[in-house]
Amino acid sequence: MATDALSIARDLVRCPSVTPADAGALGVLEKLLGDAGFEVHRVTFSEPGAADIDNLYARIGATGPHIAFAGHTDVVPPGDESAWTHGAFSGEVKDGFLYGRGTVDMKGGIACSAAATLEYLEAHGGRPGKDGNGSISFLITGDEEDIAVNGTVKLMQWAAARGEKFDHCVLGEPSNVAELGDCIKIGRRGSQSGTLYVEGVQGHVAYPHRASNPIPDIAALITALVSEPLDQGSAQFQPSNLAFTSVDVGNPANNVIPGQARAKFNVRFNDHHNQESLRALIEARVAKVSGNRIRTRIVWEPSNADVFVTRPGPFTDLVVAAIEEVTGRRPELNTGGGTSDARFIKDYCPVIEFGLVGQTMHQIDERAPVADLEKLTRIYHGVLDRYFA
């Protein structure tokens, strides 16, 4: 079995592992890491109303320091496969690019971390760390692109229950914006969704005095919520953002004043807030506008996406040094973008995200330069060299 990053990535891409299907992807890693001396566990998690999902945990070494590589082998659907210039699951290499769904997000990153680890172990007698003291592990899920209830969140709980302790983690998500080495994600904003309801009184449009139209009221509330900033940002985060995503009254008739209006919204929030304080702030602003005249309520959706940041320090410094050595670029330490599985890992150890360039992820003809796969492998190898120095 070939152990270079390109070969591993091609093997993974050829597995059509659209969530919740595994399609053999974890088996590729199970054999690869098992042959290298890792203790490998396949763990299946269940949740009512959701598909059972396979996950993989692999570790070599029994002592600290302990560094983990994390990732997901599941991918989003390819869309119209006839629109791809190369098969969505072909793993074809053309003109210096590897094509296929998941190449960037994030089978390529997993392949590079695996290849780098195998190279490192080969150069150090098959054991991590000085004199064999240290551990390297892989935390790989098949449930990230969908509802993420049977993936990393439960894999971390399972690992902790069996006594696994992690010192640091690298999540190989496509963190770079334009060029390999331009960005490390050291945190993520929190995410909270909700639905604002405004109650009115249904009636005939010809007799408005007998009705109470909730539409002007919900419009006033929406305007108030989006016109006043939630905050001005912080040292590590951009300002929090509240965005309305739909407004509806469920009224197909043009001669009926609706009895209720509702608006869905999402907030991406920074470290000025947690879920409880954010909810309280929004509810207070709604109450200020509503007074005793407008009847409102907010239904909050459950959220497992709290804000977090890994403070810059020795670990981020060594990752930056490894990136600079290979690319000549000093990466920005960034907290932008959406949520990731780092939100589950941060409760167990400091975590940073660094992988490929994310420009084509989730797109038709998703692809990564072969040269970037080679460079990312060298970067991860450099991280291991410095980590166990």
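The backbone N, Cα and C atoms fix where each Cβ goes, and this holds for glycine too.
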Annotated companion of Asp105, Glu145 at the Zn(2+) 2 site, Swiss-Prot, chosen from His273, His362: His362
Three-state secondary structure, Asp105 (Zn(2+) 1 binding site) (per DSSP): helix
Spatially closest candidate among Asp105, Glu144, His362, the listed recorded positions, to Asp74 (active site) (Cα to Cα): Glu144
Cα separation, His72 (Zn(2+) 1 binding site) to Glu145 (Zn(2+) 2 binding site) (Å, whole number): 8
Proximal residue to His362 (Zn(2+) 2 binding site) among recorded positions His72, Asp105, Glu144, Glu173 (C-alpha distance): Asp105
Rounded Cα separation (Å) that holds between Glu173 (Zn(2+) 1 binding site) and Glu144 (active site, proton acceptor): 11
Chain-internal residues, separated by at least six, CB under 8 A from His72 (Zn(2+) 1 binding site): Met106, Ile140, Thr141, Gly142, Asp143, Glu144, Glu145, Gly151, Thr152, Asp341
